[in-house]
Amino acid sequence: MDNNQGYLGVTPPISTGESSEREKEVTVTLMEELRRQNTIESEEEARTREIVLGRLAALVKSFVKTVSLARGLSEAAADAAGGKIFTFGSYRLGVHGPGSDIDTLCVVPKHVSREDFFDVFEGMLRNTEGVTEVSGVPDAYVPIIKLKISGIPIDFLMARLALSSIPDDLTLQDDNLLRNLDDRCIRSLGGSRVTDQILRLVPNVNVFRDALRCIKLWASRRAIYSNVNGFLGGVAWAMLVARICQLYPSAVAGAIVSRFFIIMYQWAWPQPVLLKQIEDGPLQVRVWNPRLYPGDRAHRMPIITPAYPAMCATHNVTASTQMVMTEEFKKGADIVDKVIVGTADWSELFSKHDFFHKYRYYLQIIASTGEHDLQIKWAGTVESRLRQLVMKLELVDSLTLAHPFIKGFEQVAYCVSDEEVRLVAQGETTEIITKRKAEDIEGIEGARPVYSTTFYVGLGIEAKQPGSTGPRRLDISWPTTEFTKMVKSWDKFDEVKMGIIVRHIKSSALPDNVFDPGERQPKPVAKKRPKQAKPAEKTNNVSPDLPATKKPRYASHRTFVATWSCFDATSKGHLII
């Protein structure tokens, strides 16, 4: 899909020359390392995926026929109504790994409704042999059914086109297919249309795939692979790699990876990354345009999708996450330079992040409930708003960085008293609680599980000014209080069933579950302090960072009910640094 000037992309290539012999050599060693890192699935799993997709395709046709007959269509017309699946995301790009899910789109004709998808099709899935863990989320921003079939995770979207039938040879490239569709259908189609466009816009698909496998693994290991937390998601990483492929159309994968880090470290953001010129289309919908929309001008690292309507895939990036990614681009460039000259191995590029060793202070955000399914929704809601907390923290004097970690840490504690429930909801636990199993609380009156998900934000603090003496106080009460108000404003929030706590902790107080076995350094032996006249009693709601005589005030409430008791608090006061 060259433009009229004979090249792919919005500018001419930087170089059309072939890679050097050394770059070809390091490409061979890169692929060997990627295989060692278990990023490529086995032939057996690949065959299983093909069988699974074949079963799903047949099931979609059966679903459309069932609904068509129910709508009064004849047998022949119901057979002709069709129905088709499209894959997108990492599977369609060809860079999925062992155990990864398959993003799948179900396209149906106009007489099949979204309600049919969740009522009829979800029911058919539940009754299909080998299908497990079926979970429909019809109210999601992009409505979805999650399931596993033969052990393969599937994320299933649905789009209804304004067509009376869906032929087997249908493609989604034509923008006119978007006419007369609701926003949810347009969003559902977007993933497949963007993925297909990316593959059309790279000069060598195999080189692109090999380089993208490398970058995806690197971003995951360095903990910068997460759209929801303000970093980049899979589509954005794919577009960045595709752009480098356009700039070096004859290069091998090792050379693409090298140029990727050099160019991304020096990229003049907010200049957007584009794979093609932004185009108008047949719909009255918003297309990314920073000249027209102030919100688009605010995007810090705009990476623009190539399918109509063009959108920014990186609107969640904040000042802090941009700083973190820029630092990682520089580190990556330095390592790959050494790989090219032979003084480093590719394995060094994929070394684990140092997030939980990097900062002296962290914010700990704990979302908790007493029910498994409710916890999934509540934790997802809290996580989706963490970016707002980060942006508020960025406004605090003396804070240079608010670095969110890319995932939460889930735990289930089996509690036998209200006091244990409160402790767990605050992130405090005991060895007895940790070791207790579900069967240990059976038959105990008032005993119940507590499900918690803990998120972390690393706090980068400005160095002391020369000549300054004594401790400093860092006031983070406004960001934490506002964040707590925000998550509680969720329309499904129930203070009787849901808990939220935000508190600051020192690195030495991080729990063991954030470290791999053997990763944590032994805790230093505490120095003995002079005896105080009257030690303060330990209270469950005092941050371990604050002196016992300087107890912070909390906006807190306690609820005691038959099924769930939670302590809900927001850390206030000042962080002593």
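Placement of Cβ uses the backbone N, Cα and C atoms for every residue, glycine included.
Per TrEMBL, region 'Disordered' is recorded for 1-22, 511-550. Feature annotation from TrEMBL assigns domain 'Poly(A) polymerase nucleotidyltransferase' to 9-202. What TrEMBL records for F88, G89, S90, D101, I102, D103, D155, K216, Y225, G234, V235 is ATP binding site. Annotation comment: TrEMBL describes D101, D103 as Mg(2+) 1 binding site. What TrEMBL lists as Mg(2+) 2 binding site is D101, D103, D155. Per TrEMBL, the feature domain 'Poly(A) polymerase central' maps to 207-352. Here TrEMBL flags 354-523 as domain 'Poly(A) polymerase RNA-binding'.
Sequence-distant contacts of the region 'Disordered' (1-22) (same chain, at least 6 residues past either end, Cβ-Cβ under 8 Å): 200-203, 243, 246-252, 254-255, 274-277, 340. The Cβ neighbour count for S90 (ATP binding site), using a 10 Å radius over every protein chain in view, is 22.
As a summary of secondary structure, the region 'Disordered' (1-22) carries 2 helix, 0 strand, 20 coil according to DSSP.
Among the binding-site residues F88, Y225, V235, the ones whose Cα sits within 10 Å of the Cα of D103 (Mg(2+) 1 binding site) are F88.
Each of the binding-site residues F88, Y225 was scored by the other Cβ atoms within 10 Å of its Cβ; the lowest score goes to Y225. Secondary structure of the domain 'Poly(A) polymerase central' (207-352), assigned with DSSP and counted as helix (H, G, I), strand (E, B) and coil, comes to 75 helix, 6 strand, 65 coil. In the predicted structure, the domain 'Poly(A) polymerase nucleotidyltransferase' (9-202) carries a mean pLDDT of 95. Within 10 Å of D101 (Mg(2+) 1 binding site), counting C-alpha to C-alpha distances, fall the following of the binding-site residues S90, Y225, V235: S90. Every protein chain shown contributes to the tally, and the Cβ of D101 (Mg(2+) 1 binding site) ends up with 16 other Cβ atoms within 10 Å. All chains included, 24 other C-beta atoms sit within 10 angstroms of the C-beta of D103 (Mg(2+) 1 binding site). Every protein chain shown contributes to the tally, and the Cβ of I102 (ATP binding site) ends up with 22 other Cβ atoms within 10 Å. The local packing around V235 (ATP binding site), expressed as other Cβ atoms within 10 Å of its Cβ over all shown chains, amounts to 22. For D155 (ATP binding site), the same-chain residues lying six or more positions away in sequence with a CB closer than 8 A to its CB are D101, I102, D103, T104, I144, K146. Excluding D101, D103, D155, which define the Mg(2+) 2 site, the same chain contributes G89, Y91, I102, T104, K146, P153, I154, F156 within 8 Å (Cβ to the Cβ centroid), listed in sequence order.
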